[in-house]
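Beneath this line is the structure, given in structure tokens, with notes to follow.
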Amino acid sequence: MGPQRRLSPAGAALLWGFLLQLTAAQEAILHASGNGTTKDYCMLYNPYWTALPSTLENATSISLMNLTSTPLCNLSDIPPVGIKSKAVVVPWGSCHFLEKARIAQKGGAEAMLVVNNSVLFPPSGNRSEFPDVKILIAFISYKDFRDMNQTLGDNITVKMYSPSWPNFDYTMVVIFVIAVFTVALGGYWSGLVELENLKAVTTEDREMRKKKEEYLTFSPLTVVIFVVICCVMMVLLYFFYKWLVYVMIAIFCIASAMSLYNCLAALIHKIPYGQCTIACRGKNMEVRLIFLSGLCIAVAVVWAVFRNEDRWAWILQDILGIAFCLNLIKTLKLPNFKSCVILLGLLLLYDVFFVFITPFITKNGESIMVELAAGPFGNNEKLPVVIRVPKLIYFSVMSVCLMPVSILGFGDIIVPGLLIAYCRRFDVQTGSSYIYYVSSTVAYAIGMILTFVVLVLMKKGQPALLYLVPCTLITASVVAWRRKEMKKFWKGNSYQMMDHLDCATNEENPVISGEQIVQQ
């Protein structure tokens, strides 16, 4: 039997680090008037359910009625004065908000605002179960509603509208740079590690490195098992989200802190200053690395505590996420192109299945990935599996809303990044300069551009692997075919092509086999 493989915290986090699409929620403005003054508030609504005008001038003025003291789950909850032509404010809970909307509509209400006690989350649910619901449904925070009552009094009228967004947002450029930079640097770093392995002076060093890396190498069988576990984890998250989301947050904190340490420690080791050490249990530890570990833990803890602070917590999440992706691309190894094809192919099917097929299976007709992205059961916690960048272009009036963001799943970086890392290692093994590495990196960039183009045209979140996998696999295959190295590239072997490096090493450290003497 082969060595038993253990799954590290980083590997466990990778199981759920694949694309989660945006839901159909959209920010809108609630323009409230009362006591001779006006104020704007943020609300979330589903544009596929109800359309809103794009300007304040075209919005209709509606009188607001506070029904937060009643659950509005039965017709008897409607007050005697009625709610006809009103925008009613109801509390979250007791029954489904779509049931509340149906009752409000029967009472003649024109709109329903659901007050949530925590941060806003997108309205989601199976609209097909309530096809008769036509009124506007929107969500506002309890904090905003309380401020509205204190500032504007009891006699409030509201206008609701949703300013149109430009088709292109420069946030796409930022995400593009982050993604390409991460896969390129991770692949290059993996190549440097491979070069160090091949230049190991002694056979013992090589064997020690080889055994160490066996735990981090994905064989074809391991790849299949990995994808199966991914599917199981996705289903478990779907049914037990409200508990498992905190497990995933904890895993991300541990894995990202370790990854950030590994990335920064690699840089610090290149600095020839401040190398003082202290002895602890017979081992010498550099003081600067001790401080570094404390810093990395502190960054992860601060993010965990303030993860819902949308104004700035995204910066920490992106830093931790980039480090997490870099470390996995450098550490995890696909031994050959065959494993790359199996992994990327299966994860492409995984992505398509959970985005496009699961709506035909789930009871509410929603994609499992979309449900997890929104937070099932109205859960305000989100899985930290994405790079988040606030939109750089948005109207000043939208500043009252939670900062709108564009996202890219970790899986859209890590999965193609593992292929690019293999290409770089193959370059090192064969001495083929950077041809495979550069070609696959350029192909990844083209795939990202294609993803953004489709995103703009379709105006809907896209499973990026649908475009990244074909671009990278086809490009790598064409390069290997043109260089007549397909067989070698397909089978791969981290230790099969070391003759030229052995010769170079032996010239510096000549060792004569047999009965001859090692030169001193």
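Every residue, even glycine, has its Cβ placed from backbone N, Cα and C.
On a predicted model such as this, the values are computed, not experimentally measured, just so you know.
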Swiss-Prot: matching membrane side for L334 and C423: yes
Where Swiss-Prot places N-linked glycosylation site when the choices are N35, N155: N155
Recorded positions near N149 (N-linked glycosylation site) (Cα-Cα within 10 Å), from N116, N155, D412: N155
Close approaches to the transmembrane segment (248-268) from elsewhere in its chain (Cβ under 8 angstroms; 6 or more beyond its ends): 8-10, 12-13, 16, 189, 237, 288-289, 292-293, 296-297, 299-301, 303-304, 307, 319-321, 323-324, 326-328, 331, 381, 383-385
Candidate with the highest Cβ count within 10 Å, taken from the glycosylation sites N58, N66, N74, N116: N116
The topological domain 'Lumenal' (307-311): DSSP-derived helix, strand, coil residue counts: 0 helix, 0 strand, 5 coil
Neighbour-count leader, CB within 10 A, active-site residues: D351, D412: D412
